[in-house]
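**Q** Can you keep this structure in mind? I'll have questions shortly.
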Amino acid sequence: MLQHNKLAIFALLAALPLALLVALASGPVSVDLVDAVSQGWYSQSSDAVIFWQLRLPRAILAILVGAALGMGGAAMQGMLRNPLAEPALLGVSSGAALAAVILLYYGAAWKSGWLLPAIAIAGAFGAVAAVWLLAGRGASAGRLVLAGVAINAFLSALIALALNYAPSMFAMQEVVFWLMGSLANRGWDQLLLALPFISVGVICLFLARNYLRALSLGEDTAASLGFHSRIFPLLILFGIASSVGAAVAVAGTIGFVGLVVPHLMRPLVHQDPAQLLWISGAAGALLLLMADILVINFVGAQELRIGAVTAFLGAPFFFWLIVSARRGQWL
Amino acid sequence: MNEVDRKLTVDCESLELTRGLKNVLREINCTFKPSELTAVIGPNGAGKSSLLQCIAGVLTPESGQITFDGEKAHKLPATQRARLGAYLPQSEMPAWSLSGANLVALGLLPWGRPRDRETRVRRAMAMVDAQAFADRPVTELSGGELRRVQLARLLVGQAPLLIADEPTAALDIRHQLQLMQNFRRLADMGKTVILALHDLNLAARFCDRVLLLQEGVLLAGGTPQAVFTPALIGEAYGVSCKFHWRDGIAEFVPLEVL
């Protein structure tokens, strides 16, 4: 069993660079990778520009966003002690989405490459802060979820309202596509904007890892083990708002990664909520990279949105979850 | 200072705690000394768990203070306090299906990742006869088996203060006795042990001191012989009863509801 787990983790980590290579080699134009790399960053040849300015940032962004979503999901499930939790419950995604939608609504999004993600990150922080304030100081996990559901419902209503009164079909289409999530046409601008937020978020979650462990035994026991019940939940909320907020801000809402990945990885780390953070980060990165490879290689009139791909992967997972719960084999 | 050999005296001075509109604890004054096994008894809702949670640092009393060897407990760094006192709540459902050994190892969190972790976990599990559950997922254990794993988690850190809320609930007679013998032995080794108990016979037989709570008030405190009288127990629980004492062992006979 132990060997089996280690092998699976090793395979997962080994698959990541392989997937990265495939992602870099994928695209509508065939590019000589070795040639492009050797020409360097400043080369003006089309191969080098495609590699350095389009494919590389997109692939790295897929890894970063996937890792943030996977890790955020693991932290969320650990904090709420519930395998069905995901970061979207805190309003991170809908907060970012509403901010983005308002910007798209006024057609101001394209004035600069970083304006929309920056506003969206602020939206994510705002939504999480609202959930935290609504739940009250030292709120139990149950009350946090309830507050999250309430804030989410309100934000969704506002998004629906914005769609309802969209100034043009074009604006509406843009909003809808943004909500489906995509990594297309993202470059270094978005990557460099998201990177510090995701890093700060990851550090916060790292600092809270032992709290998540202690929390396996409940809030009372965690408190008796020396984990302050006010500081640590706040650290996790901030970490999720920062990392997942930045991920959603640059890539749009991408569902199910935060839910499915920690679930699948949990048996591999003997259900340890702290190790689950890392392995979920790695697996989330791999999943999103592979989903993006699928998106890039999909031939069709319209671009396939990555949020649609992950939802297609996620929904059957839910079916399987219910069926296995019915058999009494809860993961 | 090494926590393993440390002796700890816990003082509670006029503790007051309200939850909602209810005064859960009123003007509680008591001392818990090393080498003493204290039972906190009283009817449901008397404030036993709240008192234990205040001492364990889970709840903060509104007024009054708790001192560890004269130092204010709430001024201690959280990790330091956790190293001094280990606490097992009345019900503690593990959220994830950890293995027994991994659950026990959580008791070492206040110490980081000590090098002799596995030895300590194994030793603690052996103390409560739980070695067989080391590799089993805790969600597959029976209530009593899980309780023993949780007790090993309480003991693994070798904290000088051990607090357990109804540790004998859900255990069969053999494991109740074994557990109380263990706590007795730990107290004899110098630990300060505080247990909330419902079983008055066990309390009378194993404990040095008994605190009787009723509606948040400390009704009586002293040796089992002093507290276990039909008058006091009758007043606290609202029952008529008899005690037969034989060689320091009490036989408690509840008669009827008053």
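Numbering starts at 1 and runs along the chain as it is shown here.
Glycine too: its Cβ is placed from the backbone N, Cα and C atoms.
TrEMBL lists A:57-76, A:88-108, A:114-135, A:144-163, A:191-211, A:231-264, A:276-298, A:304-323 with the feature transmembrane segment.
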**Q** Is the count of Cβ pairs under 8 Å between the transmembrane segment (A:114-135) and the transmembrane segment (A:57-76), pairs 6 or more apart in sequence, 3 or more?
**A** no
**Q** Among A:88-108, A:191-211, A:231-264, A:304-323, point out the range having the most Cβ pairs under 8 angstroms from the transmembrane segment (A:144-163).
**A** A:88-108
**Q** Give me the stretch from A:57-76, A:231-264, A:276-298 with the greatest number of Cβ pairs under 8 Å to the transmembrane segment (A:88-108).
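**A** Comparing A:57-76, A:231-264, A:276-298: A:231-264 has the most Cβ pairs near the transmembrane segment (A:88-108).
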**Q** May I ask for the residues of the chain that lie six or more residues beyond the transmembrane segment (A:231-264) and have a Cβ under 8 Å from a Cβ within it?
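**A** For the transmembrane segment (A:231-264), the far contacts come to 61, 64-66, 68-77, 79, 83-88, 90, 92-97, 100, 116-121, 123-125, 127-129, 131-132, 139, 144, 177-183, 186, 190-191, 193-194, 197-198, 200-205, 207-208, 211-212, 222, 276, 280, 283-284, 287-288, 305-307, 310-311, 313-315, 317, 321, 331.
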**Q** Are there residues at least 6 beyond the ends of the transmembrane segment (A:276-298) whose Cβ is under 8 Å from a Cβ of it, and what are they?
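**A** Tertiary neighbours of the transmembrane segment (A:276-298) are 9, 12-13, 15-16, 19-20, 22-23, 26-27, 58-59, 62-71, 73-75, 77-78, 182-184, 202, 205-206, 209, 212, 254, 257-258, 260-262, 264-266, 268-269, 304-306, 309-310, 313.
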